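Features as listed in TrEMBL:
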ACT_SITE  B:C90  active site, acyl-thioester intermediate
ACT_SITE  B:H356  active site, proton acceptor
ACT_SITE  B:C386  active site, proton acceptor
DOMAIN    B:6-227  domain 'Thiolase N-terminal'
DOMAIN    B:278-399  domain 'Thiolase C-terminal'
Amino acid sequence: MPFHYDKDSDGIVTLTMDMSGSANVMNLEYRDLMGEAVSRLEGDEITGVIITSAKKTFFAGGDLNVLIAITPENASQALEGVEELKSQLRRLEKLGKPVVAAINGSALGGGFEIALASHRRIVLNDNSIRVGLPEATLGLLPGGGGVTRMVRLLGVQKALPLLMEGKQLRPERALQAGVVHQLVETREELISEARAWILANPAPVQPWDVQGAGVPDLKFGDPNSYGLLGAAPAVLRKKSHGAYPAPEKIMATAVEGAYVDFDTALKIEGRYFLELASGQVSKNMITAFWFNLNEVNGRASSTGKRVAKLGVLGAGMMGAGIAEVSAKAGIEVVLKDVTLEAAQKGAGGLEGVKPTDSDDDLAGCDLIIEAVFENRELKNKVLGAAEAQALPDAVIASNTSTLPITGLATAVPDAERFIGLHFFSPVPKMRLVEIIRGERTSEETLQRALDYVRQIGKTPIVVNDSRGFYTSRTFGTYVVEAISMLAEGVAPALIENVARKAGMAVGPLAVSDEVTLSLQLKIHDQTVADDPSLVSDSAAYDLIREMVGLGRAGKSTGAGFYEYPSDGSKKFLWPELTTRYVKADAGVSEQDVRDRLLFVQALESVRCLDEGVLTSVADANIGSIFGFGFAPWSGGTLQFINSYGVQAFVERADYLADTYGERFRPPASLRERDKF
Amino acid sequence: MSEALIFDAVRTPRGKGKRGSLHSVKPVALAAGVLRALSERNSLDTSAVDDVVFGVVSPLGEQGGDIARTAVLAAGWDQRPAGVQLNRFCASGLESVNLAAAKVASGFEDLVVAGGVESMSRVPMGSDGGAWAIDPATNFDLSFVPQGVSADLIATLEGFSRTDVDAWAARSHARAFEAQKDGRFERSVVPVIDQNGTVVLKEDETIRPESTVESLGRLKPSFQFHGDLGYDTVAIDRYPTVERINHVHTPGNSSQIVDGAAAMLIGSEAAGRALGLTARARIVSVAVVGTEPTIMLTGPAPSARKALDKAGLSVEDIDLFEVNEAFSSVVLKFLRDMDIPEDKVNVNGGAIALGHPLGATGCMILGTLLDELERRDLRRGLATLCVGGGMGIATIIERV
C-alpha cells in the first residue's frame, strides 16, 4: 500500500498516507514511501501539498518494535535511519511550496512530527482525536525534529512542559497551546480549508527558517535566562528524583539546541534521541506501557455482554468509587448500605446511582460487587442476600483486598459465578482492577469480569487466588522490609528518601501510616492464626506492635511513623523514631536500602509466578506499576529483573540473602531463567 | 627555589552594594586604584614587576577581558608588567596570591602583584553563567544547588541552629566594629578617589554594630524559596539521611554583597633588596582541594590540613586564622572540624560584617591576617576560603 499521490488541476497534490499495516507508523516502509514522495514533489510542477491519511488515525508514531531493538551496538546504524527521516521532512518544509497537514485522526509522535514539518496544521475537531509528542512517557524523546521544532515554535518555556510530560492534546487544547493552526468541523472542510490556505499562501517559510529567527525566549548569553536555566533541573528532580532520563534529555536538547542554527540543533537532538533509545529505561517503559499494557487490555471483550445493571454493596469510599466510575460508563447502578442515609452519602447525588437500604432494589442486577468491611461473616451475609435478588446468571464479585476468594465464594450457591474484583483507592483515579479467579470461578465469569473492567475503561490484570492476591501480597513486602530496616536501626529519613529515589510513588513508612499500622497488625495476626508458617519477619511486626501500643497506629489516628501537625502543616517523621530505633552503626548502605526495597518486591513477584498466582509477566509488570506504584521507570517488578540482568540479579539477591535474610534467596526458577 | 615574600598589601574599603558608595566606580578604576596606591606608597619602579595576577569571578562586560592587564595600563604603570585574570570562584583573590607566590618561589619570576577586584553591584554575581549552573545536563548530573542551600545543608547536618549562626554573625559585626574603631584596618585600607581627587570612600561601610542575635533573628531565610523550587530535593537526594533542610541563613548571617579591590606585592628576597623593599612575611605553604560539590562549602578544613601537612605544621602552630565568612555555618563547621577556639578565628570580623567582593576577598583577608599578626606580634597565620564547585583553599604565612 502506498502513499497515494493525486495532483489536481490546480496543481495541488494530495498525499494520502496508507501504509500496509492497520495504522501509519514510522518504519522502513515509511522511509521508502516518504522518500519517494518527497523526491517526486521536488521534481514536479506543483502549487502545494496536502498530507492526510487513509487510516482512522492520521499517523500513529514510531514503530516500537524497531525502537526497542536499538542498542548501543547498532546505534550508529539507527542514527543514519533517523537522520534520513529528518532530512526528508526538512526537504518537505523547504520545497518552497505550501505543505498542509490535514489531520483527520490522531497524530502522535512521529505523526505529529510530520505535521510540524508542514506549514499549516488543520485538525478535524473531533474529541477522540489526540495530537502531540508522547515519547517521554515511553522514556524517549521526539527525535524526528519534534523537540527542535516545538522549541522554535513555542519557546522553551511553553514547549518543555508539553514535551517533558509527553502531553497528548485534544484539538481544542492543541489550538490553545499554539501547536496547530486551525480546527474544522467536517472532513470536507479539512480538505477545502487546506486548499484555500495553499492558494492564499503560495510560498510560505517555516518560522524557524525566517532570517534571524531563533528560539523566542532563549538567546545566547542572556543573564536573564540563567536563574530559570539553573532551577529547571531542580524543579524536574523534585518530580523525578533523577529516575527518568527522558525529560532530562529533552530539556538538554531544547537548551543546547537553542544557541545554534536549526540544522545543528537537529544533530544535537539526534544524539540525545539515540542515547535514550539505546538506554535501558526506554526499553523498560516500552515493554510495560506499550507491549504489556496492550496485552492485558487486549484480553477483554469476548462475551459481547455488557453490564446493564450493577449492584454495589457498601457505600464507603470504595463502594462509592465503584458506583461512580460505573455510572459514568453508562451503567445503571444501585448502591446499597445498611441505612439509606449512608447509601445517599456514598451516592453523592450522582446521576445514574440509586442509593438504597433494601435488597429488593438489587433485582435485575447482572453484576453484584461487594465492598463492605473486611469481615467474612458480614461479607457472607450481604453477598447471600444480594445474590438471591440478582439475575440467575449474574456475576457476583467481592472487592476484598485480603480475604481469599475461594472461601468467600461459599456465600453464594454457585461458586462458578463468583470472582474477585479488587479496585484500588481512590477508584476514579486508579486505573487498575485486579481480577481474582477463585478455584471454582468459571471461564465465562472471568470473561464477563474482563468485559466489565473494559466497559468502565480500566485496565485488568488476572490472577489466581492467594492470600493478598498479587498486589497486596507483593506491596506488603515493601512496607515490611522498610519497617525491618527501621528495626535494624536504619535512619527512617534514609528509608523514605531512598524509596522515592528508587522511583516508588510514596515512601513505605508514609504508606504504612496511610494503611494504618493496626490494620497491618490485624492482617498479620489473622495470617499467623491461619498458617503460622507464613510469618518470616517478626522484628518488623514487633516494632509495629510497639507503635500501636504507643498510640501511634497511623495517619487516621493522628500519629504513626509520622507526626501530623494539627495546624495542617506538613507531616514529619516522629523524632523519637531516631532515639528509639536508629543505630549509628546500622551498617546498611544507601545502595543496600534501595536494593532491599526493590528486590523484595521483585522476588515476591517471581514467587507469585512460580505459584501460579500470576500467569503472565505482563500482569506482574502492569499490576505492580498501576496497582502499587512500583517504580515505573523499571517497567514493573519482573521487567526490573530483566533490566538488571537475571544472573546479575540472582547474584545480588544472594548477597542480600546472605546479609539480610533468606527472604532474598532467589527461587530456583530464577536461577534457570534468561529473562522474563 | 627562592622564598616568596610579602612586601606590602593594600585594599579598598568595601562599598555596600547598589546603595553603596562604590556603585558609581567602575571595576577598572577600583583595580587601577589599588595598583597606583601600591606603587606610590612603596615608591615602586613598576617596570620591575613581572606580572599582575588578579582574581575576578564574573569576568564580563566592563569587568571582563583580562582586567589585570587593562588595570596595569590604566594605572599609568610602566607597560612592561603583564597581567592575567583568573577565576577560582570565591577563592580567586587568594589563588592570585598563591599563583604569584608559586611564580616567585619557582624562580620563574621575581616580582609579582597578586590581587583581585569585584564590583558586585555593577556586574552581578552569576552573570557569566557557566555550564555547572546553566547547562541543564551538567547541572542535573552534578546535582547543582545554589551556595545558600549548601550552607543550609551544612547547618542541618551539623545541627547548627538559627541562633548559632546568628550569634556568629553578631560577633562578626562586633569584632569588625571594634577593629575599625581601633584603627586596625588602616595599615591596608587605601581610600577610593575619583578623577578629581575627591574621596569617594575611605573606610568599610558595611559594619552594623547594632546587630544582635535578636535583631538578626527577625530576618527571613534567604534560601527557603530556592529550596522549595526543588533545590532541597537535589540536596536531599544527595544526602538522603536528611529529612528536610533547615533554612537558617539570611542576609544577616551570610556575607554581604559588596564592591572592592585588593593588591599584594610578592617577590623574592633579591628583588626586594634591589628595590629597597622590606619583607613583612613569607608564604609558608598553600593548598587547594576538591570536595563534594553539592554541599560545596566544606573545603576549608581539608585545605587547611593539606597546607599544614605540606609545611610540617600542626593546628597549634597557627596563631590566628582567617576563614572567609561566606555563610556562618561555614565558619562554625571549620571550628568544629579543626577543633580550634573561637578567639583565634576572624578576630577582626569577617565577610558577614565587611562583605565579600568575590574576586578580591582572599587577598583582603590575607592582608588583614598579616596586619593583625604584626599588631599582636604573633608568628603564623592561616587564611582559608570555601569555594564554589566544591573546593577549598588555604595559605599559611609567617612573619619574617
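Backbone N, Cα and C define each Cβ position, glycine as well.
The domain 'Thiolase C-terminal' (B:278-399): residue composition by secondary structure is 49 helix, 33 strand, 40 coil, according to DSSP. Around the Cβ of B:C386 (active site, proton acceptor), 34 further Cβ atoms fall within 10 Å across all displayed protein chains.
The residue listed as 'active site, acyl-thioester intermediate' sits 7 Å from B:C386 (active site, proton acceptor), taking the Cα positions as reference. Taking the Cβ of B:H356 (active site, proton acceptor) as reference, residues of its chain lying under 8 Å away and at least six apart in sequence are, in sequence order, B:C90, B:S255, B:Q256, B:I257, B:V258, B:N324, B:E325, B:A326.
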